[in-house]
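Scroll down for the structure; my scribbles are underneath it.
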C-alpha cells in the first residue's frame with residue numbers, strides 16, 4: 001500500500017519541517033526568488049478564479065519604522081507634559097521658597113537620574129564593543145544570557161520614564177498642598193527600585209541582576225580572588241561616590257520622615273549637609289578599591305598592585321579634610337587644613353591621571369576599540385586619529401581636577417554646579433571604559449597569540465624528535 005522503495009524528497013519539502021518553522025535554503029537569493037514566485041503564482045491563480053487573496057498576519061503588522069516613530073511621538077508628548085506640569089508646579093511656589101523647594105526635589109531624584117544616565121552610557125559602551133568585535137562577555141566572564149546593548153537601552157528607557165514621572169508627581173502634589181502624598185512619591189520609587197533588584201523570581205533579567213548583586217557583594221567583601229569585573233565595577237563606583245552621598249541623605253530623610261518638611265533647612269541636622277555620614281559614604285568606594293588592590297597583591301605578589309592601592313589611599317585625606325571645613329574654626333581651616341586639602345587634592349589628581357595614561361590604558365594600540373567590522377561614520381572619525389590622543393589625555397587631566405570648583409564659595413553650595421561636576425566625572429569614566437577594556441582586550445589577544453606560538457613550537461619539536469627517531 002505504502003510502496004516498497006524510498007522516494008526522493010526535496011530538501012525544502014514542507015513535509016521535512018515542523019509546523020511553524022522556516023524553510024531551509026542554501027542562499028538568500030533563492031529564498032527571495034522562491035517567495036516572489038510563489039506569491040505571484042498564487043495571485044495569478046486567484047485572479048483567474050476570481051478569488052481575492054486574504055492578507056497574512058505578517059502583512060497587517062505595522063512596519064518597524066512606523067512603530068519607532070509612534071514611540072518617539074509618545075515619548076515627546078510625555079516629555080512635554082512632564083516639563084509643562086513641573087514648570088507650572090514650580091511657578092506656584094513663592095519666590096523665597098522656590099529655590100529651596102527645587103533643591104529638596106533635586107536631592108531625592110538626582111541619584112536615580114545619574115544612575116539612569118550611567119545605564120545609557122554603558123549601553124553605548126556595549127554597542128561599540130559589539131561593532132569592534134570585542135568579546136566583552138569573555139573579558140567580564142559573562143554567561144550566554146548576558147544583556148546586550150539593546151536590552152540595556154530598554155532598561156534605561158524605562159528608568160528615563162519612571163524617574164521623571166515620579167519627580168513630576170512630587171512637584172505637582174507638593175505645590176498643590178498634598179504634602180503627605182508628595183512625600184510618598186520618592187519613598188515609593190526607592191522602595192520599588194530596591195524590590196526590583198532583589199526580586200527572586202525569574203523575571204526582568206534575573207541572571208543579570210544576580211550577577212550585579214554578586215559582584216557588589218564581592219566588592220564590599222573581597223574575600224576571594226579579584227576578577228576583572230570586580231575591580232572594573234569598583235572603579236566605576238568611585239566616579240559615582242557623590243551619587244551615593246546624595247542617596248544616603250535621601251534615604252536618611254525618608255527614614256526620619258523629613259521628606260517634604262522644613263527639616264532640610266538645618267544643615268547640622270542628622271540628615272543635613274554637614275552630617276558626618278557624608279564623608280564616610282564618599283570614601284567607601286575608594287576603600288573598597290584599596291582593599292581589592294591589597295587582595296590582588298596577596299594573590300599575585302605584584303608590586304604594582306601596592307602602587308595602585310596607594311593611588312586610592314590618596315583620596316581619603318581629600319575627602320575628610322574637605323569635611324573638616326564644617327567642624328573646625330575658620331582660622332584653623334584657613335591656616336592649617338585648607339593648605340593640606342589643596343596639597344592632597346593636587347597629589348590625588350596627578351597620581352590618578354598618571355595611572356590612567358600609563359597603566360589603565362595602552363597607548364600603543366590606542367583607538368583600536370573604534371575599528372569597526374563594517375564601515376561606519378563613528379569609526380571613520382575616531383579610529384587612528386591623532387586628535388583622539390590629545391582629546392582623551394587632555395580632557396582626562398582637566399576632569400581629574402574638577403575639585404577646584406570647591407575653591408569658589410558661591411559654586412561650592414550651588415547644587416546645579418555640583419550636579420554638572422558629577423555628570424562630567426561620569427562622562428570621564430564613560431570615556432575611560434573604552435580604553436580600559438581595549439587594554440584588557442589587547443592583553444588577552446597577546447596571551448592567546450603567545451599560547452598559539454608556543455603550541456606551534458611544541459608541535460614542531462615533536463615532529464623533529466619523531467623524524468630523528470625514525471632516522472636512527
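Cβ from N, Cα, C; glycine included.
Just so you know, TrEMBL annotations are computer predictions that nobody has curated.
Keep in mind that what you see is a predicted model, and the values were worked out from it rather than measured.
Taken from TrEMBL, the feature domain 'EXS' covers 269-469.
Below 8 angstroms of C-beta separation, residues 161, 164-165, 167-168, 171-172 of the same chain, each at least six residues beyond the ends of the transmembrane segment (66-87), sit close to that stretch. The transmembrane segment annotation in TrEMBL covers 66-87 (among others).
Taken from TrEMBL, the feature transmembrane segment applies to 107-130 (among others).
Annotation comment: TrEMBL describes 151-175 (among others) as transmembrane segment.
Feature annotation from TrEMBL assigns transmembrane segment to 187-207 (among others).
Mean pLDDT for the domain 'EXS' (269-469) in this predicted model: 85. Beyond the ends of the transmembrane segment (107-130), by six or more residues, the same chain brings 136, 148-150, 152-153, 155-156, 159-160, 163-164, 166-167, 170, 186, 189, 193, 236, 240, 243-244, 246-247, 249-250, 253, 259, 264, 369-370, 378, 415, 419, 422-423, 426-427, 430, 433-434, 437 to within a C-beta distance below 8 angstroms of the stretch.
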